[in-house]
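As given in TrEMBL:
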- 1-13: compositional bias 'Basic and acidic residues' (COMPBIAS)
- 45-187: domain 'DDH' (DOMAIN)
- 269-346: domain 'DHHA1' (DOMAIN)
- 1-27: region 'Disordered' (REGION)
Amino acid sequence: MTPDVRDRLDRPSRVTPGAAQPTGSPVPEAAWSRALQLISQADEVALACHVSPDGDALGSMLAVGFTLRSMGKRVTASFGDRDFTVPRLLGFLPGQDMLVPPADYPAAPDLMITFDSPSIGRLGVLADSVRRARELIVVDHHPSNDGFGTLGLIDPSSAATAMLAEQLIYRLGGALDRDIATCLYAGLVTDTGSFKYSSTTPAVHQMAARLVATGLRTEEIARELWDRSPFGYLKVLGAALERVRLDDGLVWTYVTRVDRAAYGLPYCELEGIIDIVRRTDEARVAAVLKEDDQGAWQVSTRSKGHVDVAAICAALGGGGHHSAAGFTSHEGVEETMAKFQELLREA
Ligand SMILES: [Mn+2]
């Protein structure tokens, strides 16, 4: 981020706590009370979010981290990527001094809280810490959440984990300052596609209003998240579009490690390709296969209609939401897509 952007994002402002409370959620009151009790008893809290974090995962975690820190807790935050790097497009999020690489993460935390992760598998190399945590609070909105942890704050009707994170912050007695609001807003706009997806309820806009009221420069955040990329992105996008295919309502393409290596483009820069591919009128489902640095294919999928891509991806070892889901494949492109297409025909 350029210094002037940092500067403008840094305008201090606070929203009075309780001035606008989030609306109710299906999380039982008893679960919220238990969470507050566990947190109040802890001196140290270990936070984690899913691997290859997006704005919702990292933003929700850092927002709650700020609040816990203001309560005097020692906070450690991480995500379980073997190659621990904050994705470039999330580099503007405040609070990154809370982050530690997995090697420095508590091996057996007394209290651990995970964000936006539907399963232990999505926590990557932090899985052992998760299993050894004495108390594990799971904050998540994935319908595919498998119920791991000792306490769930889970609401599949929430558009983003950030909405649950905001509730947790209010219930802890925290206020929204600009840093916290920046983190939560990144989560909200990431998971609603900038308020475009059907998950964009009145509650989403009401939360956005509370966040914007802290003085957020929403246009700067949008630019950081979506409107900039290195030149190599255009070349790699060009290669991906060159080989795009349309098969019976499915539009798909792939990006190899070799494509990226030619321009030194990191894997995390590929996030936006699916949003270009999925606009195809003739397709109801879109997929982009992205080869990661270890040679595995990370497959992003989107659905525009009744097809539940979460169910298809779950059958292939992944998960997600009805209209946006993913899975990992260790087979080749053709084999991977043959399996996906077979499940799609059955769907
Ligand atoms: Mn999410």
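From the backbone N, Cα and C atoms, a Cβ is placed for every residue, glycine too.
Unlike curated entries, TrEMBL annotations are predicted automatically.
Note that the structure is predicted; figures quoted are calculated from it, not measured.
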So, by DSSP, how many helix, strand and coil residues make up the domain 'DHHA1' (269-346)?
28 helix, 22 strand, 28 coil
Across the whole of the domain 'DDH' (45-187), what does the mean pLDDT come to? Round it, please.
97
